[in-house]
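Before any comments, here is the structure.
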Amino acid sequence: MDRAFCGNFYYNGKFDYLEVTVKDGVIESIKKDAGNIARSYLPGAVLPAATDIHVHFRTPGETDKEDFSTGSLSAIFGGTTLVMDMPNNIIPIKDYNAFSDKLGVINGTSYSDFALYSMETGSNSLIVDSRSIGLKVYLGGSTNAAGTMAIPDQEAEMINEKGFTVIFHGELEECLRKHQSETKNLREHNLSRPIECELAAAGYVGSLNLKSKIMAHVSSPEVSGDFLREVTPHHLLLNDEMPLGSIGKVNPPLRDRNTQERLLYAYISGQFDILSSDHAPHTEKDKAEFEYAKSGIIGVETRIPLMLALVKKKILFLDVLYKTGIERPPSIFGIRKGKIEVGYDADFMCVDFTNEKKVNEDRLHSKLPRSPFNGMDAIFPSHVVMRGEVVIDNYEEISDPLGRFVPKGYYDQKL
């Protein structure tokens, strides 16, 4: 049914009362008075809902850790209506068949809209599924992925021809092998995967003749080059001096406090392009003993709420959060989300800046919600709208899984 959503929308860099009409899940008009039409009033400050371009929801193959139902439910509770899932499953998503099998398992289970990456090995661009939202390259080994040592020029040309964005796990394998050692705490893990491995990867990625490339989860402000830079809340807010144990073990590692604080300063100064969660859950057994614990931190539900608390404290400008967590991520992939604009999906989140809470891991919706952010200040959205449908109402989930698969080029086809 056509209707207008009415409230104080974040529009052109400020909050203003607007009546936003929606037809078939898409914004049709933006007015002060929408006229004779059914209205739904949204409380608080109304922002476009967010996009997280970097999650690991573990479907298929490791659903004891997470599945798309629990992962996507966590996403919408955190104000995120589109997630992009990584390809490092037990059976890596390297070709059409693996991609189709994964999509078949996920369809009908996701609460948020979703897109899927394929893994780039340096020689497989001809056989990856054309619906892949992008390609992921692991320059250094990580969970379920060996390091890809190089992308030949001919492969880069093919990637450009197919129009793929490439996102890099930016730790160079040769450097990681050089520094490999036993680690029994966060400090030792940091030293075993030092910043120099990211710097080496940055030099390589910057040299590649790729039209669209992203360096994932940058952990130090010195890591820069001819690419977009993604940053995560855990590298912004946590460091290796905190008593987090294996819950804080992640790749790239949490850095020392000085590096973490400089990274946060760079982010709040507007020096980064993308804010993602790198949501990567593991079982209690996987995290039991630090030396053998698997790397990964959950964060899809807390990514935006943690940053909203920084906005309230006047540490972070809302516009920086808006650009990095909401507007820019979908725009990189040609997806019409993240703006209050005609022709964009009607995805909104309502924020009550007076309702700040402590993160309580027992109330998170991930399958195994042990969070390194437990006890930190956060502001969760009270209401979330996805394509004109209210999916979170007064902090409660009220919808069935309505998530839609978003293949590469989907929004081009709708023009």
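Quick reminder: no glycine exception, Cβ is built from N, Cα and C everywhere.
Just one of HIS169, HIS189 is listed by Swiss-Prot for the same Zn(2+) 2 site as LYS136, HIS217, and that one is HIS169.
When Swiss-Prot records HIS54, HIS56, LYS136 as binding Zn(2+) 1, the matching candidate from ASP256, ASP273, ASP278 it lists for that site is ASP278. When the candidates HIS282, HIS365, HIS383 are compared with the substrate site entry in Swiss-Prot, which names HIS56, PHE57, ARG58, ASN88, the shared residue is HIS282. If you take the CA of ASP278 (active site) and look 10 A around it, the binding-site residues you hit from HIS54, HIS56, ARG58, LYS136, HIS217 are HIS54, HIS56, HIS217. Put simply, HIS54 is the one of the binding-site residues HIS54, HIS56, ARG58 whose Cα lies nearest to the Cα of HIS169 (Zn(2+) 2 binding site). Summarising the substrate site geometry, the residues cited as binding it (HIS56, PHE57, ARG58, ASN88, HIS282) extend over a maximum Cα to Cα distance of 14 Å. When the CA atoms are compared, the binding-site residues lying within 10 A of ASN88 (substrate binding site) are HIS56, out of the candidates HIS54, HIS56, HIS217. Taking the C-alpha positions, the distance from HIS217 (Zn(2+) 2 binding site) to HIS54 (Zn(2+) 1 binding site) comes to 9 Å. With respect to their backbone Cα atoms, PHE57 (substrate binding site) and LYS136 (Zn(2+) 1 binding site) stand 15 Å from each other. Counting only residues at least six positions away in the same chain, the Cβ atoms of LYS65, GLU66, ASP67, GLY71, ASN89, PRO281 sit under 8 Å from the Cβ of ARG58 (substrate binding site).
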